[in-house]
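See below for the structure under consideration.
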Amino acid sequence: MLPDKDGSELGSGGSSAESEHPSVSLFRQYLRLRTVHPEPDYDAALKFLDRIANELELPVKKIEVFPGRVVTIMTWEGTNPKLKSILLNSHTDVVPVFPEHWKYDAFRAFKDAEGNIYARGSQDMKCVTIQYIEAIRRLKAEGHTLTRTVHLMFVPDEEVGGHKGMETFVNHQEFHKLNIGFALDEGLANPTDAFTVFYGERNPWWINIHCPGSPGHGSRFVENTAAEKLEFECQIKKWCKEAGDDVTYKFAQKHMDQNMTSTEDSDPWWSAFSSACKEMNMVLEKEIFPAATDSRFIRAVGLPAIGFSPMNRTPILLHDHNEFLNEQVLLRGISIYQKLIPALASVPALPDEK
Ligand SMILES: CSCC[C@H](NC(C)=O)C(=O)O
Ligand SMILES: [Zn+2]
Ligand SMILES: [Zn+2]
C-alpha cells in the first residue's frame with residue numbers, strides 16, 4: 001500500500017485523506033502526538049491545543065501546576081456567566097506501549113478497511129478530547145449560544161496518578177474561579193449497544209513496599225469497603241514487621257474519598273444528561289468505575305462528575321495492545337456531545353444560584 005501525504009494508507013474499504021471526515025483526520029493527527037509516559041511530549045499537545053483554541057475562537061488559559069505540567073482551559077462563555085459552569089475534562093497523556101504486541105505503530109493512527117483506527121489513546125482518552133472539540137466547533141458554526149459557560153479542560157499526568165495534574169489543580173484558585181457546577185470526564189467503552197456512565201469510582205491504593213533482600217508484590221482487592229481497606233493495611237504492617245525492622249511501606253496513592261454523583265431523576269444535572277441521552281435513544285448503564293480517573297479529585301472537592309466516553313459497540317481496550325476505535329463510533333460521539341452540551345448548559349438556575 002502506498003502511504004498518502006498524511007502518512008495513512010489508501011486501503012480498499014478505507015478512505016483517503018481527501019474523503020475522510022475532517023473530525024476523523026483531526027483525531028488521527030492528535031493520536032500521532034507522542035504524549036506517552038514516561039516522557040510525554042506535552043509541548044506538542046499544548047501547541048495542538050493552541051491551534052484548536054484559535055480555530056474555535058475561544059480564549060485560552062494555561063496554568064503551570066508544576067514545572068512542565070500545564071493545564072489548558074478554553075472557555076465558551078454563556079449568556080449568563082454568573083451561573084455555574086459545565087466542565088468538559090480530558091487528560092492529554094497516554095500509557096506506554098509494547099510495540100512487539102501491536103499490529104501497527106501505536107503512534108501512526110493507522111485506519112484499516114473497516115474504519116478502525118489503531119493508536120494508543122484512541123479510547124483513553126484522545127477520542128473524548130476530539131469529540132468535545134468537534135461538538136463545540138459544530139455548535140458554534142450553527143450559531144448556537146449557551147446559557148451556562150462551558151470550559152474545556154486538558155490536564156497532564158492522569159495516567160501517573162494525577163498529582164502534577166488534577167489532584168493539585170482542584171485546589172488552585174484558578175480552578176475555583178471556574179465556578180463549576182457539573183463535570184464530564186472519561187468513562188469506558190461498552191461492547192454492547194448500550195453506553196456506560198460512571199457515577200463513582202474504586203479508591204486506588206498504590207503502595208511501594210521497601211523490602212531489602214526479597215521481592216515484594218502488589219495485591220488488588222475486588223471489593224472496596226472501608227473495613228477491608230483497614231484490614232488490608234494492618235496486614236501490610238504486620239507483614240513488614242515480621243519481615244524485619246528495616247522493612248517499610250509507603251503509599252504512592254491512597255484515595256479515601258467515596259463521593260458519588262447523583263443519578264436520581266430529581267437531580268437537575270443527571271436529569272439533563274439522561275433526558276438528552278433518552279432523546280437520542282441511547283441506553284445507559286450506570287456503573288462504578290472499576291479503576292480511578294481524575295473524576296475522583298473533582299468529586300472530592302464536592303462537585304458532581306460523570307465518567308462518560310461515548311463508545312458503544314466497542315471492546316474495552318484502554319491500556320491494552322492494539323487499542324482502537326472505529327471512525328463511525330467517534331463521529332456518533334460528536335453528535336452525542338452536540339446534544340449533551342447544550343442540554344447541560346441549559347439547566348435552569350439552581351436554588352443556590354438565585
Ligand atoms: C491511580 S491513578 C490511575 C490512572 C489510570 N486510570 C485509568 C482509568 O486508566 C490507571 O488505572 O492506570
Ligand atoms: Zn484515561
Ligand atoms: Zn488510562
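Positions of Cβ are set from backbone N, Cα and C atoms, glycine also.
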Among Asp105, Asp112, Asp124 - the residue TrEMBL places in the same Zn(2+) 1 site as His91, Glu186: Asp124
One of Glu77, Glu159, Glu167, Glu279 listed by TrEMBL as binding Zn(2+) 2 at the site of Asp124, His319: Glu159
Top Cα neighbour of Asp124 (Zn(2+) 1 binding site) in the set of recorded positions Glu158, Glu159, His319: His319
DSSP three-state assignment for Glu159 (Zn(2+) 2 binding site): helix
Listed binding-site residues with Cβ under 6 Å from ligand 2, out of Asp124, Glu186, His319: Asp124, Glu186
Residue among the recorded positions Glu158, Glu186 whose Cβ has the most other Cβ atoms within 10 Å: Glu158
Other residues, Cβ within 8 Å of His91, Asp124, Glu186 Cβ centroid (Zn(2+) 1 site): Ser90, Met125, Val128, Glu158, Glu159, Asp185, Thr293, Asp294, Ser309, Leu318
